[in-house]
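Trainee: The following block contains the structure, expressed as structure tokens.
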Amino acid sequence: MFYEHGFTVEMLWEALQTVNGLIELVLGLVCGLAGWWTARLVYKRWFFGHPERYDRFLPYIGFRIVFPGVGFLLSFAVLVVWALPLGRAALVLPAITAMLFWLAAIRLVTAVIRQAFPHHRYERSTEHFLASLLWVAFISWAIGFDDVVLDWLDAIALPVGKTRLSLLTILNGLVWVSIIMVVALWVSRLFESRLMRLKHLDLNLRIVFSKLARTLFIIVAVLVALPIVGIDLTVLSVFGGALGVGLGFGLQKIASNYVSGFIILLDRSIRIGDRLMIDTRVGYVEKITARHTVLKLLDGSEALVPNEVLIGNTVVNQSYTDKRISTSLALQVAYGTDLDLALRILVETADSPRIQQDPPPTAFVTAFADSGINLELYMWVLDPENGFLGLKSEIYRRVWKAFEAQGIEVPYPRRDIHLFREGPARPAIPDREA
């Protein structure tokens, strides 16, 4: 189907000067447009308005390779049925077929990488860099320049003992290690997504199993990749000793955070969605990673708390056994107010679906202050994750309207100043300098 030494620019240009070459160019463009139209149809039918489907591997793979896949199949069919049997192949259609096949392969590789590193900050730049690199490799093969590059890389070598280590061998090893590691991370990602959908299993246990599986897949990938590169597995014993020394010195904190993360997940003292108070920070647990716990604070910012801090310090888990949280509203009424009526109004205004009615809200007289009598309303909030400011504002508005209707006054701060004069005023002292 394709020429042994690849395509050259001169051969393609000569083919385009013939009638068969122009016909193949038109047929190739038609096949490509058919693939593009099919991809648009699939997008409108399955993905438009459904962004969550991009996170599912098989649907995402199918969408990415529809355009080059359909175009490749059509051009290959035209090449096999029309061009090759009649001896009309003018190199243009084989070149277009190869380009469509390579585009499908590139999209498949980038889709796997996207699933292996989901929502990574360098996701798009990595995809673009890898796609550009693969296109450069294809162009080198197409113009017959790949043999020159391979010979040049093989010529650059360093003798390591009795082994000749060339740059080509090093790059080949890096490529294989990268492929195996990406596949391992992708498989662990698939396993994690399936595991996290098991609702009958505790969330912390699901996270623990997913992290253990990810670590196991990476270890297996390393054990598989090292022999392929040509590294003896016995070097792992030396590496293990060096790693032990590193853990004893520089990596001690990292290892401590990693172990602390598994302890937190296994003893279930902290779970996703818990409301924590750490020193002066209050927030909700969003994610528990191997190194830190993500705490979303009440102002919307996110604090990365090392797992070692959660194990070695006092942490107030306000939703450990019950996510309900008690809160209070304080206000003041004027002296002479009917306190029983004021307390009853406070309890009645706390009628909200967000407030627990068993036990019911309770109002108390807390102090006789300078300007008035202090009252306080205590209640249990069922959904503290939705905040307290809006709820308190609504209750204060109800209290204000009810107090106005009943003639209950909310006093202003007041100070009474009394001036006393003791005896007649003294005469002014004359100026001595006068």
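The backbone N, Cα and C atoms fix where each Cβ goes, and this holds for glycine too.
Below, the features straight out of TrEMBL:
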- 20-39: transmembrane segment (TRANSMEM)
- 60-84: transmembrane segment (TRANSMEM)
- 90-109: transmembrane segment (TRANSMEM)
- 129-145: transmembrane segment (TRANSMEM)
- 165-191: transmembrane segment (TRANSMEM)
- 212-252: domain 'Mechanosensitive ion channel transmembrane helices 2/3' (DOMAIN)
- 212-231: transmembrane segment (TRANSMEM)
- 243-266: transmembrane segment (TRANSMEM)
- 254-319: domain 'Mechanosensitive ion channel MscS' (DOMAIN)
- 332-409: domain 'Mechanosensitive ion channel MscS C-terminal' (DOMAIN)
Trainee: What counts of helix, strand and coil residues does DSSP assign across the domain 'Mechanosensitive ion channel MscS C-terminal' (332-409)?
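Mentor: Helix, strand and coil residues of the domain 'Mechanosensitive ion channel MscS C-terminal' (332-409) number 32 helix, 19 strand, 27 coil.
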Trainee: So which residues does the transmembrane segment (60-84) touch in its own chain, when a touch means Cβ under 8 Å and the partner is 6 or more beyond its ends?
Mentor: 1, 20, 24, 27-28, 31-32, 34-36, 38-39, 42-43, 46-47, 53-54, 90, 93-94, 96-97, 100-101, 103-104, 107-108, 110-111, 114-115
Trainee: To what whole number does the mean pLDDT across the domain 'Mechanosensitive ion channel MscS' (254-319) round?
Mentor: 83
